[in-house]
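> Got a structure here, written out as structure tokens. Questions coming.
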Amino acid sequence: MKDILILGIETSCDETSASVVKNGRQVLSNVISSQVALHQKYGGVVPEIASRKHVELIMPVIHQSLEEAGIKIEQVDAIGVTYGPGLVGALLVGLSAAKALAFALDKPLIGVHHIEGHIAANYIEHSLLEPPFVCLVASGGHSHIVYVQDYDKFEIMGKTRDDAAGEAFDKVARAVGLGYPGGPIIDKTAKLGNSKAIDFPRVHFGDQSLDFSFSGLKTAVLNYINSMEQKGEKYSVEDVCASFQAAVVDVLTDNLISAARIKGVKKVALAGGVAANSLLRSELVEKAKGLGLEVFYPKPVLCTDNAAMIACAAYYEFLRGHTSDVYLNAIPGLKLGER
């Protein structure tokens, strides 16, 4: 059987990335140019700046990915690209490059949903992983529990009703003066604190709902900080981070395990930037032990936005004959399962 090479392109937020993946699982290259340092002074991603940087970097990043893979552009079988959700200006840069290449080379174009890409990162890390399983996709923009019935069949079982988990990490990090991005900094700082020092709320909705809500938790953290400052008392940043992180992780892991029970599956997975959190990984493994659940998660570099996951997802779309035409447009609010 002939090897299938997919060129993946990802520009949905502040990473410019291109990757070549063979047969959906073997990464030949995965070039990622991050803009984190560029946006740090603003405390978050500035869409216009992100788009302009993508324009500057997209072709050099694509060329580098082909060079590292040791192939010529003509050798790729198809081009996969994120077309939503994300920042519309950022999405358009990657999409324009992918469409131009596909048209010029007469190669199939495959539009990939960003969240499907994050889920697919697990296939790269775990060569034997196959659906069905339930997956928690948690990042700065998303908090979803997804039932992965097949490589191209997804059901959202739960989602955030307000702030995404990663967004809450960013806001709390800013509140305690740790800067942006909040996830890695809080993870590191929390290791020095006591997770039981402050009893922050855990929101669980009734009626078997697996939805999340982190705005109340975020407000509780801000109220605690303001209260301590008004009383002229010092508070431990380490304890705040540890207690906040523990509250988030408790809810995420509880809901994911509940989803596995509801669907009767024995495999649970993590995906997205928050999936790199060390407590989330260890806590899920610990809770899954006595339940006969297998736990899967990608290496940290595959948790953040990257094109390898997009190429992987595109591969399974390609096998099913799902391709896009040159009229494919960026859809910033694209819902999972829409085509």
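Including glycine, each Cβ sits where the backbone N, Cα and C put it.
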> Per Swiss-Prot, which of ASP305, ASP325 sits in the Fe cation site along with HIS114, HIS118?
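So the Fe cation site in Swiss-Prot includes HIS114, HIS118 plus, from the candidates ASP305, ASP325, ASP305.
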> Would you mind ranking the binding-site residues HIS114, HIS118 by how many other Cβ atoms sit within 10 Å of each Cβ and giving me the lowest?
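Across HIS114, HIS118, these binding-site residues, the one with fewest Cβ atoms within 10 Å is HIS114.
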> So, in DSSP terms, is ASN277 (substrate binding site) helix, strand, or coil?
coil
> To the nearest Å, how far is the Cα of GLY183 (substrate binding site) from the Cα of ASP305 (Fe cation binding site)?
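With the alpha carbons as reference points, the distance is 14 Å.
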> Can you give me the Cα-Cα distance between ASP305 (Fe cation binding site) and SER139 (substrate binding site) in Å, rounded to a whole number?
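Per the Cα atoms, ASP305 (Fe cation binding site) and SER139 (substrate binding site) stand 10 Å apart.
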